[in-house]
Structure formats: C-alpha cells, structure tokens
Amino acid sequence: MKRLFCFLALTVAVILVGCGKPDFSDAEKKTIASLALNTLPALKPDTTNRFADVPAAAALGSTLFFDLGMSRDGTVSCSTCHKIDRQFQDDLPQAVGVGRTNRRTMALAGVARDPWFFWDGRRDSLWSQAITPLENPLEQAGNRTAYAHYIKTRFGERYERIFGPLPDFSGMPLNASPLGNDAERAAWNAMSETQRDAINRVFANIGKAIAAFERSIEPVQTRFDRFALDLATGAEPKDDAVFTREEILGLKLFIGKANCVSCHNGPRFTDNSFHNTGVPPVADLPPDRGRIDAVAQVEADPFNCFGAYRDGDVGACGELRFMVKDAPQLIRAYKTPSLRGAATRPPYMHAGQFSSLDEVVAHYAKAAPSVEGISEIHPLELSDRERAALVAFLKTLSE
Amino acid sequence: MASLWRYLLAGLGLAALLVGILAVVYLTAPQSAQTVGPDVSRTKKTDNGLYMASFVPERGVVRHGELESWLLTLKTKTGASVERAAIAISGGMPQHNHGLPTSPQVTDYLGEGRYRIEGLKFTMSGWWQLRFAISSGAGSDTVLFNVVL
C-alpha cells in the first residue's frame, strides 16, 4: 500500500514540475530566439558620416551632448532631456527644453541602428537628427552661426584636429539661421552662398560628432535575453533567467494571440517602421499628423542623405530614395519604439498619452478607431490575467 | 475494508485507462490545424495570360527588415523576352490594413526580360502581397505575388 502512495505522490510531483516548465512549439522557439539580444548584428558603419567611428569625434560629441552652452540661454543640452541615468530619456509626457515641446523624449539605446529619427522620421540620419533640436525654439533654441562661433571659441583646437580648419568667421553675423527669428533669417539671407555653406558644414560636423558619441549607446542584456538564450541552447535556466508561469504566459501572448510581435520584432523589439495604432491626441497640443507631415520635412532638409553634407556615395540613401510619400497609412503613423527598458520609463506613446503599461495594454486590447486615418490594430479578447501576464513579460525586458 | 481497496483500485484503473485514451488522442492529433496559405509560387501567368512573370530575390534569400532588390522576369506567351515594359508596383499586408513600408521601383533593365526592382523591405513576418501592373507592346496586364515570411 505504501508503495502505491509513493507511486501516486511521485506521479503528482512529476506532473506539477512539468507544469512549471516552459512549453513552446518550435515556431514559438524560433520567434523567441529572433528577439534575443545575441541575434543583434554588429553595428554597421555609417558611410554618410566618415567620423562615425573616429574616437576623437565621439569624445567631442560626448562633450557637446552634455554641454549646456549648446543652447541659446545656456540652460539646455541634449542631456537635459536625454538623461544618462534614465535610459537617455526624461520620464515626462512631453520633453521640456527652453519650452515645452509636443512630443515624448525617445530613449537612445541602439539609436544608431534606426533608419529614421524622431517619432515621425523627419530626419534620415543620426547626425542630421542631432542638430535639429539645436535650432528648435522649444528645445535648445540656438542658431547656426552662433553655434559655429561657440565651437571656435570653446572647442576650436579639438574641432580642427578632427574636421580640419574652421572657416574664416570675419564678416559673419553672430546670430543667423534660415530657421531663426526675423532678424536671424535676415542675417542669414544677407550672407554669401560660400559663407552659408561654411557654416552649414560646421553645423553638420557638430551633428557628426554627437552621432559618433551616440553610436556607443547600445541595448543591454536583460532577464528575457538570459531566458531566451537558455531556451535556444536547451540549458537549464538559473537564477533570474527562470521565468514565472505568468511571464511565460505573457511571452506566449506577446508572440501569439496579442500580435505584439508583428511590429515589435527583432532583437530591438521594433520594425523601424511607422504605424497608426489609434493613439489619441493630447487635448492642449497643436494638431499632430505624424509621418504624413514628416515626409516633406525630411525631403526639404538640406542635411538629408541627398544633400551636400553627406559623406560617402549616394548608395547609402536607399531609405530616402524608396520612402513612401503619400499613402493614407502615413496619417497619424508614428515609429514603433523599442520595448527594451520600456517598463521602467513611463509615460508611453509619442506624447506620453498613457501613464502605465496597463493603460497601453488596455488601449491595444480595445483598439479604438483613430481620430484621423485608419488604425492598423484590431480589438483583442484579453482576460485580466492575460493583461497582467503581458505586463509581467514586458518587465523582463527591463530587469 | 478489502472491498474499499478493490473499488479504489478499480477507480485508479479506469483513470489510467482514461489517461491512456487521452494520450493517444493528443499524440496522434496534428500539431496544429494546417490552414491553406496563399499561393507563394515565384513564377506565374499574369491575370489575363499575356505574360509569364517570375519574381525572385536577387541574392536568393529574403532578409527581414533590410532594403533589398528582387528581379522580375517577363516573357511573352511564346517565351520571348519582354523589353521596355512600364512596371508599376504596389502591395501591402492584407491582414494588417497597411501598404508597403517602402516604395520599391524598377531601377534597371538587365536584358532577357529581367528588371531589377530595388527598395523592397519586409518589416515583419506574415503575408505580404506585391502587385505589378505591366505595360508593353504586348499589352497591359497585372500579376500578384504572395510572399510569406
């Protein structure tokens, strides 16, 4: 009789242990492996920026990134919003530079791998992105010739060692820019073509130095990556690489029924594309139509890949060359953000519309129609337990 | 007392039998329902039968999330190469309410009816469709290729 009880007890134990083990189909295992950080390829060279991998350029770029002098009134640097100890973002629904902006600051891990920059992709290179906030009146609020003068005064020697001689500034206005106030625009228009080109070149080089620094900001390994690696190799997960049943359910939903992986795919959990997912506008902000309005901006940008300040050949400009320009799908479409580290950086969406991951999951489950354009997402039947499981899984990308 | 054990054993026996039957059912059932996918052939007749079209990635493999070039080869019904065709490209993902993430274009004619199409990008797994509107001396026709990643 004792033996029978022993046998029963053993059977029960085996069944219980079995339940706790992750049980994935081969297709699921393949998808999970494709999300793991070890599948992230090495960073490709950026031929449009010949200083991208020059250490002295990255060092100058890091100085400029943290330098408050890189703003009109000496109070704002890139790092004001891209905070180094906060995944290079600021925890605010909309970034605050010299003024309050209309968009959420994006985290920077892996940014050098993006084909498009900002939430709407209105810039097509990391270096042309980096100089845009410098002249935005709500961000760093400076102007092009003032930055060039500042670089000469503060960093002239360092700049020239990397980029060659600075232009002759004699006769150039202290404050001038094609994007500035009336006086600055008038001063810009009064400059000769050669002078404007010389200033633009210094300005582009500022961006190239900052981009060289930003290339070093890469995603870090998380609990999910340790779990995925063990799953792929068949190793027994240890310590924090063991997923709870809730986290496993969340992962299964993420790559299955909830369809999150359609857009949040690859080791950065992003398809680098733009989608309308019906995220509501913010009441007191100006109208925001997303990607559809960014197309003209990137085409008009003198620092875009087709412009005179690109290094290397035009073959690197495929994204701009084959860009979708006028499809209805671009209306209120925004870039798919990476989900790595997302759990510890609320609020969410392009203008911080949602304050928690619970709200984000609820939004995607409900799939309300977009105020303009057509949302790509469909309603989902998710139980409370399933919603909680999705959030639990997302947290493994931040631990 | 003894009869109680007998019942218990009988109960266990029945339970074991049930487990056995369930095991057979689960183990022999197909892993997942095999749904019929779209036609993914890379060579097909155009909709009105004017051309034979074939559409293949230039490097042989499809890479996820990168700009790539494909080759569209056009022959007439009699097998002659179609030269100087005007080709318009569209497409998207029928299950996701969106078109292509890029605007692929014909960038080169390579001879023997082969056209290079650059700027294709498959940003996600799933069912993609590419439609070609072809116009040449032989007439106008359309063809749709499915790509499933």
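Even glycines carry a Cβ here, placed using N, Cα and C.
Curation does not apply to TrEMBL; its annotations are automatic.
Feature annotation from TrEMBL assigns heme c 1 binding site to A:CYS78, A:CYS81, A:HIS82. The Cβ of A:CYS81 (heme c 1 binding site) lies under 8 Å from the Cβ of A:GLN89, A:ASP90, A:ALA95, A:VAL96, A:GLY97, A:THR105, A:GLU139, each on the same chain and at least six residues away in sequence. Annotation note: A:CYS81 (heme c 1 binding site) sits in a helical segment as assigned by DSSP.
Residues annotated as domain 'Cytochrome c' in TrEMBL: A:245-398.
If you look up TrEMBL, you'll see A:CYS260, A:CYS263, A:HIS264 marked as heme c 2 binding site. Sequence-distant neighbours of A:CYS263 (heme c 2 binding site) (same chain, 6+ apart, CB under 8 A from its CB) are A:THR270, A:ASP271, A:SER273, A:HIS275, A:THR336.
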Chain B contacts among the binding-site residues A:CYS78, A:CYS81, A:HIS82, A:CYS260, A:CYS263 (Cβ under 8 Å):
A:CYS263
Sorted by position, what residues of the same chain at least six away from A:CYS260 (heme c 2 binding site) have a C-beta under 8 A from it?
A:LEU253, A:PHE254, A:TYR364, A:LEU390
For A:CYS78 (heme c 1 binding site), nearby residues of its own chain (Cβ under 8 Å, 6 or more apart in sequence):
A:LEU64, A:PHE65, A:PHE66, A:MET70, A:ALA130, A:PRO133, A:GLN140, A:ILE210
Rounded to a whole angstrom, what is the C-alpha distance between A:HIS82 (heme c 1 binding site) and A:HIS264 (heme c 2 binding site)?
22
Please classify the secondary structure at A:CYS260 (heme c 2 binding site) using three-state DSSP.
helix
8 Å Cβ shell about A:CYS260, A:CYS263, A:HIS264 centroid, heme c 2 site members excluded:
A:PHE254, A:ASN259, A:VAL261, A:SER262, A:ASN265, A:PHE269, A:THR270, A:ASP271, A:THR336, A:LEU339
For the domain 'Cytochrome c' (A:245-398), report the average pLDDT of the model, please.
97
In sequence order, what residues of the same chain, 6+ apart, have a Cβ less than 8 Å from the Cβ of A:HIS264 (heme c 2 binding site)?
A:PHE254, A:THR270, A:ASP271, A:THR336, A:SER338, A:LEU339
